[in-house]
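A.B. asks: Structure in structure tokens, see below.
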Amino acid sequence: MKFHLFFFILLFGATILTAKKSYPEYGSLDLRKECKMRRGHCKLQCSEKELRISFCIRPGTHCCM
């Protein structure tokens, strides 16, 4: 059992962690921060005057501009 655990940790460290370091642009993205940078607001529903750009954190909230 320890043998399997050792190889699982080794495989995880060799694949997942190195891929995260090599390609940081594919990591997690803070969509709320991206919305604020583009002068948007995270709301449940956009008004008629606002334009819905993307989702914020949850699929139910939208970035409205």
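Any Cβ shown, glycine's included, is placed from N, Cα and C.
Just lifted these from Swiss-Prot, have a look:
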- 1-19: signal peptide (SIGNAL)
- Cys35-Cys63: disulfide bond (DISULFID)
- Cys42-Cys56: disulfide bond (DISULFID)
- Cys46-Cys64: disulfide bond (DISULFID)
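So where do these features actually land, and what's packed around them?
C.D. replies: Cys35 (disulfide bond) is surrounded by 23 other CB atoms, counting those within 10 A of its CB over all protein chains shown.
Counting every protein chain shown, the number of other Cβ atoms lying within 10 Å of the Cβ of Cys42 (disulfide bond) is 16.
For Cys46 (disulfide bond), the same-chain residues that are 6 or more apart in sequence and have a Cβ closer than 8 Å to its Cβ are Arg52, His62, Cys64. Secondary structure at Cys46 (disulfide bond), as computed by DSSP, is coil.
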